[in-house]
């Protein structure tokens with residue numbers, strides 16, 4: 001069974017550290033979701049030539065960034081692992097990637113000093129609510 | 001004739017979004033313009049009038065597009081990324097503030113094209129390098145390309161079109177729009193801080209190394225002198241487009257000497273087919289307006305100069321920009337509001353510039369774009385995007401219209 005580790009841009013170190021205490025195989029997962037906004041903004045500039053679409057540049061930048069982040073996470077984990085970079089709606093992609101997982105590790109976001117409702121971001125909240133496997137919610141250090 | 005003109009306008013807009021067989025943007029707009037004249041939907045002299053009116057406007061736009069591209073070649077936007085990274089120290093909230101400053105100034109001075117095309121990838125790269133979630137910052141860039149495009153005539157093609165028919169001088173336009181510009185940016189900032197609060201509350205990882213400071217002096221000086229040129233040209237009655245041409249020329253000469261550009265690259269930056277598209281679109285829209293749309297719209301555009309009239313005009317413009325697109329929307333509305341004075345023209349601009357943050361391309365174009373053009377893997381998260389727009393657009397629009405009303409009272413239309 002696989003332990004899926006969600007590598008978020010800002011809190012991945014804590015997830016990887018929590019993962020290293022777990023037995024099993026690992027899948028490091030990164031999801032990118034911003035190129036669509038640039039494509040959409042460019043579509044708003046009616047009539048400009050498609051070669052200038054910044055979304056295409058953002059697609060490439062996001063791909064490189066995901067690869068670098070996953071490499072850094074694999075190095076920090078220091079154990080054999082698979083890596084997967086997905087593009088799309090973050091919460092849906094994470095839930096889909098965890099379909100056959102034995103554990104999903106993710107980090108809480110938002111203001112950690114804030115107790116009470118809405119302390120998680122919408123995507124993280126969705127994943128916690130809909131994950132098809134046990135979830136380990138790590139607090140950022 | 002109205003039905004035929006509307007049909008041709010729809011064909012022009014659809015083809016601009018879908019680009020059948022990869023045809024350039026002008027491939028349908030220019031023949032459609034010839035056709036409306038050929039079938040008698042628009043007298044030849046009116047078409048010529050429209051082309052003569054639009055000619056200097058698109059010349060101005062071409063100069064600004066070239067200037068922005070040359071600034072990018074000179075490293076100006078890369079330097080902006082470095083500045084944002086250094087200023088933020090990896091703190092998401094501070095980064096958002098520096099993105100707001102950079103994107104607002106870039107949009108105002110070098111037009112929204114520069115922000116969308118040249119700055120957005122830099123902002124993403126900066127956030128990625130700092131280990132900060134890129135989404136709020138990339139969205140800030142795309143939103144500000146619209147909401148920070150109120151200040152100067154050069155900030156948006158819609159402004160250039162309105163500027164030509166408003167009778168305002170460059171400096172008077174800027175003076176009247178300063179307060180609406182600031183209010184729109186401030187409202188947008190508050191909405192972003194609230195909407196993305198969990199992303200912005202994420203823990204800070206201090207960057208391992210601070211990137212070295214960059215200062216592209218020549219590009220900054222050229223842009224600053226171009227701005228001074230706008231004011232001087234405006235004061236002396238010269239067309240400010242010449243200041244933009246001079247700025248672009250100075251940057252081009254330096255780029256040639258340093259072998260950083262070629263004539264081909266410059267021609268590409270000027271986007272000639274796009275300029276032909278704007279003229280074609282202008283002629284077709286004129287045919288639609290002259291054949292009956294003007295009477296129809298006159299009934300929905302409120303008259304008068306009070307706050308409610310300005311709010312009404314801006315709301316109609318925002319709705320039209322969201323139904324079709326802001327470029328045809330401004331072309332349709334300008335001839336109707338120009339006789340009402342500069343206040344109404346500027347209210348139209350607030351509507352067509354701030355409105356698109358709800359659907360960006362306008363509903364028609366967005367639908368086509370999502371259904372036909374776009375790869376669904378990378379599509380924007382529509383409910384989230386629309387929710388952000390529903391918060392930002394009414395807040396920025398209402399604030400900016402009140403600010404315009406106050407400016408008109410203090411400075412005078």
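Quick reminder: no glycine exception, Cβ is built from N, Cα and C everywhere.
Predicted automatically and left uncurated, TrEMBL annotations should be read as such.
The domain 'Citrate transporter-like' feature in TrEMBL is assigned to B:20-345.
Positions annotated as transmembrane segment by TrEMBL: B:26-44 (among others).
Among the features that TrEMBL reports, transmembrane segment is placed at B:99-132 (among others).
Tertiary proximity for the transmembrane segment (B:170-192) is limited to same-chain residues at least six positions away from its ends with a CB under 8 Å from its CB atoms, namely 96-97, 100, 104, 108, 136, 139-140, 143-144, 147-148, 150-153, 159, 163, 230-231, 233-235, 240, 342, 346, 349-350, 354, 388, 391-392, 395-396, 399-404, 406-408, 411, 413. Per TrEMBL, the feature transmembrane segment maps to B:170-192 (among others).
Per TrEMBL, the feature transmembrane segment maps to B:215-235 (among others).
The transmembrane segment annotation in TrEMBL covers B:241-257 (among others). Long-range Cβ contacts of the transmembrane segment (B:241-257) within its own chain (Cβ-Cβ under 8 Å, at least 6 residues beyond either end) map to 56, 59-60, 63-64, 66-67, 70-71, 73-74, 154, 218-219, 222-223, 225-226, 229-230, 232-233, 266.
As annotated by TrEMBL, transmembrane segment applies to B:269-289 (among others). Among residues of the same chain six or more beyond the transmembrane segment (B:269-289), those with a C-beta under 8 A of the stretch's C-beta atoms are 1-2, 5-6, 8-9, 12, 16, 24-26, 28-33, 36-37, 41-42, 46-47, 50-51, 53-55, 57-58, 61-62, 65-66, 68-70, 157, 327-328, 331-332, 335-336.
Look at TrEMBL and you will find B:309-337 (among others) tagged as transmembrane segment. Remote same-chain partners of the transmembrane segment (B:309-337), defined as residues 6 or more beyond its termini with a Cβ less than 8 Å from a stretch Cβ, comprise 9, 13, 157-158, 161-162, 165, 278, 281-282, 285-286, 288-289, 293-294, 297-298, 300-303, 343-345, 347-356, 358-359, 361-365, 393, 397-398, 400-401, 404-405.
Per TrEMBL, the feature transmembrane segment maps to B:389-411 (among others).
Summarised as a single figure, the pLDDT of the domain 'Citrate transporter-like' (B:20-345) averages 90.
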